[in-house]
Every structure is written in structure tokens, then in C-alpha cells.
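Note sheet for the following structure.
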Amino acid sequence: MKLGISAYGAYVPQYRIKVEEIAKVWGDDADDYRNGLMVSEKSVPDVDEDTATIAVEAARNAIARGADPKKIGAIYVGSESHPYAVKPTATIVAAAIGAPNRMTAADFEFACKAGTAAIQTSMGVVASGLAETALAIGADTSQGAPGDALEYTAAAGGAAFVISKNDHIAVINHTCSFTSDTPDFWRREGADYPRHGGRFTGDPGYFKHVLSASRMMLECQGTKPSDYNYAVFHQPNGKFPTRAALTLGFKKEQLSPGLTCPMMGNTYSGASMVGLSAVLDIAKPGERIFVTSFGSGAGSDSFDITVTDRITEVQDLAPKTWDYIKKAKYLDYASYARHKGKINTDN
């Protein structure tokens, strides 16, 4: 039995702030961050946007690409920034897209890989027959404390994928995961901003898990990097996925179509999924996609995906990912702080 993606959609808020604008406020060297992180600007949610609205927009774009909301039997939303501690984002999405009441829904958390965990769970639910189709979403309005290095990259956006047994635009050939207890990045209940281990987030966190899961996938599938047309890795910045890709033997040409972070920042649970959406926007039938996510705490999910002939029928039915990214309105730091709730405007 083949499982795959039958529809997809992404959404990125239109507002941006440049690295220079943030650096100016904190007295930092913008070039150090731009070159060190390989990020020029990041997306910023509007004052009335949150993870729920982003998830809804991404889901609506997936519906526009041919998914029937009445056939969706499960909705899972992965995020680090669900708007409610007790009230699922997934039920908000279900109501907004007109999904039936006879369904299951849940919110997921696993740092930046909660969205790909939602894809894997959707695959299991569909394979078991409990749902005809399932909707998996990764979305975030990422947090970064004022003046922290995370503030240069923590962004907003998300992507949605409908998983089914039929009508695939892309077949998921295999998925596998690598997981360990690694405290590289965390946020306690009630805290406004996450804390992180600085450089500890690199080799012991990101690279150990991304490289291990990726090598596991290549070994399981008996493939090599040259067998794939595209490669997408979790992108907390532009530097990490580039290093991971080159270490594994992928080329920059395979990576660049899905490398969205340099122009929109790190969307946390949406990062690898927005990258996959960008690749599906341009992919051709028969092309193969390699995807590996990463979530602090820590774990990585890898996917081997083959695009089908149906992809050309749906690509132009909803806004494309890079169209969202290129549609930018720039903010100064004061406006950005208001949009992000860093300034309390309540009387």
C-alpha cells in the first residue's frame, strides 16, 4: 500500500524585518549575523495573526489544490506557539475548512519537528483505515527574546499536507526517525521565550540528529544523494542546512529551491515543511525529494518522496511559497516589536 501527499499549501505573513534593523537597535554588527547565519530578513506576523490563522491559511491552500475537506478524518497541527495552552489549534482549523465532526484532531509538540511528526502520525492513521485522509500542519510564530541571537531568525509561517492512499501528487516511499534526550533548546511552561545552549545546539543537537536520520534513510533505501533532485533540511538559519547537505554529499543546486530561511527566517515547526512546499511548487513528475527535519530535545524525521504526474494539475491552484516570500512589507523595530507583542499596548 502506497501512502502519499494528495494536496499541499503554505502561508507566510507579508511583513518582514531586515537583519540591519535589529542589529541597529542592539548595537550589533549586521554583517556578522547576515554572513554567520546566512539570513538577510525574516517574516513577522501581523498583529492579528497567530499559529491558528497561519495553519488555517495553509490548510485552505491545500484544499484549493483539490483536497475534499469532507473526507478528512484527522487533523494534526504541530507547533511551538499554539495560541492556547488548553484549546486545540487543530479544531480551529477543522471548523475553518469545513471538516466533518466525525473526525479526530490533536495538537503536537516536538520543538521544530512537530509538523513532520504530524505527517508520520497522519500516515499511520490513514494506513490503519481510521481515516480516509488526514491533514498534517506545521506552523509557528516563533519566539526569540529581545537582543538574543534567536531574534535575528525567529519568524512566522507554516505549511499543510493532506495524506492519503489515493490521488497522490507525491508518494512517500519511506520515513524514518532518529531520537535522543538532548537538552539543546527548551522553554518552560509560562515562559515567554525559549532558552538554548548556544553552540551546543549545533554538533550535539542539529548535526548529530539530522546527519544520523539522513544516513539511516539513505541506508534503508539503498540510495545516494545523487539519486535525488531536491534536498530539504530543517533550516534554523541558512548555514546549518547548507553544511548538512554538503556533508552528506548533496549539492547546493539540490538544496537551493527549498532553502527559504535566508529570505524569511526560521519558522520552527514550519521550517522544513515550508521548504518542501517550495520544492513541490516547481517539481516535475518523476523527480525525487529528500527531506529531513529537526526538533530540539531532540530528534529528526527523514522522508524519501517521489513526485507523480498529478503534480502539474495542482501547482497553480493556490499561491506558491516563493510568491508569499517575495511579497514583503518592511517594518522598523518599533513596529516589529508591536507586531510580536514585545511591547504591551494594553491600557
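Each residue, glycine too, has its Cβ placed from N, Cα and C.
Features of the protein shown, as given by Swiss-Prot:
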- Glu80: active site, proton donor/acceptor (ACT_SITE)
- Cys112: active site, acyl-thioester intermediate (ACT_SITE)
- His234: active site, proton donor/acceptor (ACT_SITE)
- Asp29, Ala30, Cys112, Thr153, Thr201, His234, Arg243, Asn266, Ser296: (3S)-3-hydroxy-3-methylglutaryl-CoA binding site (BINDING)
- Arg199, Lys239: CoA binding site (BINDING)
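Comparing the recorded positions Asp29, Glu80 on other C-beta atoms within 10 angstroms of each C-beta gives the minimum for Asp29. Glu80 (active site, proton donor/acceptor) and Arg243 ((3S)-3-hydroxy-3-methylglutaryl-CoA binding site) are 25 Å apart (CA-CA, integer value). Around Lys239 (CoA binding site), the same-chain residues at least 6 positions away in sequence with a Cβ under 8 Å from its Cβ are Gly36, Leu37, Met38.
In terms of Cα distance, the active-site residues that sit within 10 Å of Ser296 ((3S)-3-hydroxy-3-methylglutaryl-CoA binding site) are Cys112, chosen from Glu80, Cys112, His234.
Around Cys112 (active site, acyl-thioester intermediate), the same-chain residues at least 6 positions away in sequence with a Cβ under 8 Å from its Cβ are Glu80, Asp140, His234, Pro236, Asn266, Tyr268, Ser269, Ala271, Ser272, Ser293, Phe294, Gly295, Ser296. Mapped onto three states, the DSSP output places Glu80 (active site, proton donor/acceptor) in coil. With all protein chains in the displayed structure included, the most crowded Cβ environment within 10 Å among the recorded positions His234, Arg243 is that of His234. The Cβ neighbour count for Ser296 ((3S)-3-hydroxy-3-methylglutaryl-CoA binding site), using a 10 Å radius over every protein chain in view, is 26. Arg243 ((3S)-3-hydroxy-3-methylglutaryl-CoA binding site) falls within a helical segment according to DSSP.
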